[in-house]
Amino acid sequence: MKTLLLTLVVVTIVCLDLGDSLICYLGYNNPQTCAPGQNLCYTKKWCDAFCLQRGKVIQLGCAATCPTTKPYEEVTCCSRDKCNPHPAQRSR
């Protein structure tokens with residue numbers, strides 16, 4: 001009986017995955033589970049040489065802290081699952 005109870009507890013812990021696993025987009029429609037310790041999703045945008053033709057470059061990912069920005073970059077951070085979709089996904 002004790003063995004059965006212990007087995008149920010272990011299975012429950014494994015199934016629940018007690019660690020807080022954040023899911024962020026790492027690319028267009030590409031959600032991934034972040035590594036342990038990375039509790040933020042981010043969206044970074046900037047213009048490159050093709051900005052007028054293609055629009056801003058967009059980088060999506062996971063981070064432990066919100067990335068620092070350079071003067072020409074825009075960075076947005078959030079802490080909920082899938083809170084950083086590609087801007088093209090939001091408009092659908």
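Backbone N, Cα and C atoms are what each Cβ position is placed from, and that goes for glycine too.
Remember, it's a predicted structure, so these values are computed and weren't measured experimentally.
When secondary structure is read from DSSP and collapsed to three states, Cys41 (disulfide bond) falls in the strand class. Per Swiss-Prot, the feature disulfide bond maps to Cys24-Cys41 (among others).
According to its DSSP assignment, Cys34 (disulfide bond) is coil. What Swiss-Prot lists as disulfide bond is Cys34-Cys62 (among others).
For the recorded site, Cys47 (disulfide bond), the DSSP three-state label reads coil. Under a cutoff of 8 A between CB atoms, and with a sequence separation of 6+ in the same chain, the neighbours of Cys47 (disulfide bond) are Lys56, Val57, Tyr72. As annotated by Swiss-Prot, disulfide bond applies to Cys47-Cys51 (among others), with the evidence given as similarity to another entry.
With a 10 A radius on its CB, Cys77 (disulfide bond) counts 16 other CB atoms from all the protein chains. Annotation source Swiss-Prot lists disulfide bond at Cys66-Cys77 (among others), citing similarity to another entry.
Note on Cys83 (disulfide bond): other Cβ atoms within 10 Å of its Cβ, all shown chains, come to 17. What Swiss-Prot lists as disulfide bond is Cys78-Cys83 (among others).
The signal peptide annotation in Swiss-Prot covers 1-21 and rests on similarity to another entry.
If you take the CA of Cys83 (disulfide bond) and look 10 A around it, the disulfide-bonded residues you hit from Cys24, Cys34, Cys51, Cys62, Cys66, Cys77 are Cys24, Cys77.
Among the disulfide-bonded residues Cys34, Cys41, Cys78, the ones whose Cα sits within 10 Å of the Cα of Cys66 (disulfide bond) are Cys41, Cys78.
Of all the disulfide-bonded residues listed here (Cys34, Cys41, Cys51, Cys66), the one with the fewest other CB atoms within 10 A of its own CB is Cys51. Counting in whole angstrom, Cys24 (disulfide bond) lies 6 from Cys62 (disulfide bond) by their C-alpha atoms. Across the structure, Cys62 (disulfide bond) and Cys41 (disulfide bond) place their CA atoms 5 angstrom apart.
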